[in-house]
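**Q** Per Swiss-Prot, the features are:
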- CYS97-CYS189: disulfide bond (DISULFID)
- ASN5: N-linked glycosylation site (CARBOHYD)
- 1-25: topological domain 'Extracellular' (TOPO_DOM)
- 47-54: topological domain 'Cytoplasmic' (TOPO_DOM)
- 76-99: topological domain 'Extracellular' (TOPO_DOM)
- 121-139: topological domain 'Cytoplasmic' (TOPO_DOM)
- 161-197: topological domain 'Extracellular' (TOPO_DOM)
- 218-237: topological domain 'Cytoplasmic' (TOPO_DOM)
- 259-271: topological domain 'Extracellular' (TOPO_DOM)
- 293-314: topological domain 'Cytoplasmic' (TOPO_DOM)
- 26-46: transmembrane segment (TRANSMEM)
- 55-75: transmembrane segment (TRANSMEM)
- 100-120: transmembrane segment (TRANSMEM)
- 140-160: transmembrane segment (TRANSMEM)
- 198-217: transmembrane segment (TRANSMEM)
- 238-258: transmembrane segment (TRANSMEM)
- 272-292: transmembrane segment (TRANSMEM)
Amino acid sequence: MERQNQSCVVEFILLGFSNYPELQGQLFVAFLVIYLVTLIGNAIIIVIVSLDQSLHVPMYLFLLNLSVVDLSFSAVIMPEMLVVLSTEKTTISFGGCFAQMYFILLFGGAECFLLGAMAYDRFAAICHPLNYQMIMNKGVFMKLIIFSWALGFMLGTVQTSWVSSFPFCGLNEINHISCETPAVLELACADTFLFEIYAFTGTFLIILVPFLLILLSYIRVLFAILKMPSTTGRQKAFSTCAAHLTSVTLFYGTASMTYLQPKSGYSPETKKVMSLSYSLLTPLLNLLIYSLRNSEMKRALMKLWRRRVVLHTI
């Protein structure tokens, strides 16, 4: 079937923001800056956690995995989108398009469960501090990490294989910023009803269930925070929880709106904005909220910087 598809459509055209030629220059600069900050920032987090033995505990190892996911997620989408913004019309091969779709689903699926696992880790640390070592032991941590990545691989493999089996024999213009499943599915010359049922069920399980678990975890955390004797401590904890919830709500909210109904009635421009929310803004917010606001991460960064300065002076 795939050979037949490729004989009809050998490449796709990504339209991106071609309807707004006067804004493409500004969008290119803005997206490039955000992409570079996300790329460099997450790379630094990966290096810091990998080199500092004191950070080899579940909380920071979760952050390391989140940085790997966010860096990879951005790298899959952003370069192609920047090319789209810098040219009038850009093409992507049939195989290249589905390769991009696969990795978007892989890293997106992994992040969905990983954020839930991180919320559970914080819940265990704050609400059950005496039993935390037993609750979040090495075995539990490894199972959560392995399951997160396995979920991403499974989602990417099943969904990409299914969509690529559809015939594509008509228009080859994808009115989107990347080869995401809903945008590509609109070009399929076949009945996709069964796939849409699968997409709805899969999205509910992979996106909405972890999100609900995160909300429940943070509700328990907030009750624990209210019992804190220190007003300053409560304010700091509330600020951190609010920042975390803002990031996860943006990610899960826009992703569910996109994937619950692959052929939804949203306008193409609305779909592009929603895609930017979880592919461009969320990785940046995760970097700022989960890592750079963390005091231990700042300490490790300064330690690494001082070591670098000392080595240069020798």
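Heads up, residue numbers simply count up from 1 along the chain you see.
Placement of Cβ uses the backbone N, Cα and C atoms for every residue, glycine included.
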**Q** Would you mind listing, in sequence order, the residues at least six apart from CYS97 (disulfide bond) in the same chain with a Cβ closer than 8 Å to its Cβ?
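**A** Spatial neighbours, sequence-distant, of CYS97 (disulfide bond): GLU11, PHE12, ILE174, CYS179, VAL184.
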**Q** Mind pulling out the one from 55-75, 198-217, 238-258 with the most Cβ pairs under 8 angstroms to the transmembrane segment (272-292)?
**A** 238-258
**Q** Roughly where does the topological domain 'Cytoplasmic' (218-237) sit in mean pLDDT, to the nearest integer?
**A** 80
**Q** Please indicate, using numbers and ranges, the residues of the same chain that are 6 or more beyond the transmembrane segment (198-217) and have a C-beta under 8 Å from a C-beta there.
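**A** Same-chain contacts beyond the ends: 109, 112-113, 115-116, 119-120, 122-123, 151, 155, 159, 162, 181, 245, 248-249, 252, 255-256, 259-262.
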**Q** In the same chain, which residue numbers or ranges, 6 or more beyond the ends of the transmembrane segment (26-46), come under 8 angstroms Cβ to Cβ?
**A** 17, 20, 63-64, 67-68, 70-71, 74-75, 78, 81-82, 85-86, 280-281, 283-284, 287, 291-292, 297, 301
**Q** Mind tallying the topological domain 'Extracellular' (76-99) by DSSP state, helix then strand then coil?
**A** 17 helix, 4 strand, 3 coil
**Q** Same-chain Cβ contacts of the topological domain 'Cytoplasmic' (121-139) under 8 Å, 6 or more residues past its ends?
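**A** Result: 58-59, 62, 217-218, 220-221, 224-225, 244.
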**Q** Within the same chain, where does the topological domain 'Cytoplasmic' (47-54) have neighbours whose Cβ lies under 8 angstroms from its own Cβ atoms, ignoring anything closer than 6 residues to its ends? I mean 6 or more beyond.
**A** 60-61, 63-64, 67, 296-297, 300-301, 303-304
**Q** Under an 8 Å Cβ to Cβ limit, what residues of the same chain, 6 or more beyond the ends of the topological domain 'Cytoplasmic' (218-237), are close to it?
**A** 119, 122-123, 126-127, 244-245
